[in-house]
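In what follows, a structure is listed as structure tokens, so that the remarks can point back to it.
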Amino acid sequence: MNSLGINIYEILFQILHITLIIIFIIFFAATLSILERKFLAFFQNRHGPNRVGWFGSLQLCADMIKILFKEDWVPQFSKKSIFILSPIIAFVSLLLVIPTIPFTPNFLIINLNIGILFFLMMASLSVYAVLFAGWSSNNKYSLLGAIRASAQTLSYEVFLGLSLMGVIARSGSFNIVDIVNSQKEVWNVIPQFFGFLCFFIAGIALCHRHPFDQPESEQELADGYHIEYSGMKFGLFFIGEYISIITVSALISTVFFGGYFGFWGSSFFWLFLKTVFFILIFILIRASLPRPKYDQIMSFGWKICLPLTLLNLIITAFFILI
């Protein structure tokens, strides 16, 4: 401890914790990309990646080597500084939410009193990555994808926040730890089912996942806003998408399904099991649902999801007041 009363070793220990968890999440996200391809192959009655290693077990290493040795190309007429900054923002934005999630009753890296607001802030920051990427690429398909992504994400963020208001009203706090502790008896998914449903839908849209993958639809926009990216820059966008899936799945498990509280006891195992379950739901949705038109996506958000979140908030307020 120095003259200012700051424990240097405790700070270094916290930094080590954060670093190890971030490395684990990045590795898990990279592995998830291969697992998704295997699951999609299973659902579509084909083999999937099976050439590198035993049953394709080394495909992740092959993909990493390929991305590392690809030319890291920058378009000639692009805005180079913004072009380079965009994948970094996409990679980092939702990754920073992970340390605010309580893993066990006794293990939490950062205890923020405004944990939910911090998540919403980071979710809003991810929009800038897409918008900057599309605009700075100087490509019409990239720009169209960025415009789609910005409009879709900003629309769905409205009820992404509103769907959490019922949970916040019940727990009386924006702190994620307080929200988890309020679910010792009953998980929030039971009294807040409509809130959970809208948050899950908005989370899919936030991750730009099927069926809300309009910004990067290959058939219409030739891969959308990151068409001009290659090498490690594309890898950051690619891994960033899976990090967002992990973050949203972990938040759903924490806010609506009791977090580390299980059917008996409380441990990291329950949080991990719930998170993996929702990740599999993401993959299953991609394998089974068609992609609707862009106007249908926007109409669904404003005409169905937004009224549903407002109705859920009114019902929650009514039961709290009585």
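Just so you know, glycine gets a Cβ as well, placed from its N, Cα and C.
According to Swiss-Prot, the feature transmembrane segment maps to 15-35 (among others).
Annotation source Swiss-Prot lists transmembrane segment at 82-102 (among others). Within its own chain, the transmembrane segment (82-102) is flanked in space by residues 18, 21-22, 25-26, 74-75, 108-112, 115, 118-119, 122-123, 125-126, 128-130, 132-133, 135-137, 176-177, 180, 226, 228-229, 233-234, 236-237, 239-240, 243-244, 246-248, 250-251, 254, 259-260, 271, which lie at least six positions past its ends and keep a Cβ under 8 Å from the stretch.
The transmembrane segment annotation in Swiss-Prot covers 114-134 (among others).
Annotation comment: Swiss-Prot describes 149-169 (among others) as transmembrane segment, evidence class sequence analysis.
Taken from Swiss-Prot, the feature transmembrane segment applies to 186-206 (among others), supported by sequence analysis.
Remote same-chain partners of the transmembrane segment (243-263), defined as residues 6 or more beyond its termini with a Cβ less than 8 Å from a stretch Cβ, comprise 25-26, 28-29, 32, 91, 94-95, 97-98, 101-105, 116, 119, 126, 164, 167, 176, 179-180, 183-184, 187-189, 192, 195-196, 199-200, 203-204, 206-207, 209, 269-271, 273-279, 282. What Swiss-Prot lists as transmembrane segment is 243-263 (among others), and the listing cites sequence analysis.
The transmembrane segment annotation in Swiss-Prot covers 265-285 (among others). Sequence-distant contacts of the transmembrane segment (265-285) (same chain, six or more residues past either end, CB-CB distance under 8 Å): 32, 35-36, 39-40, 43, 101, 103-105, 107, 200, 204, 207, 209-211, 245-246, 248-250, 252-254, 257-259.
Annotation source Swiss-Prot lists transmembrane segment at 302-322 (among others).
Below 8 A, the CB atoms of the transmembrane segment (114-134) and the transmembrane segment (149-169) form 3+ pairs separated by six or more positions in the chain.
Taking Cβ pairs closer than 8 Å, the transmembrane segment (149-169) reaches residues 116, 120, 123-124, 126-127, 130-131, 134, 179, 188, 191-192, 195-196, 198-199, 201-203, 205-206, 208, 212, 214-216, 224-225, 255-256, 294, 297-298, 301-302, 305-306, 308-310, 312-313, 316-317, 320 in its own chain, all 6 or more past its ends.
Distant neighbours of the transmembrane segment (302-322): 155-156, 158-159, 162-163, 165-166, 169-170, 191-192, 194-195, 197-198, 201-202; these residues of the same chain sit at least 6 beyond its ends, with a Cβ under 8 Å from one of its Cβ atoms.
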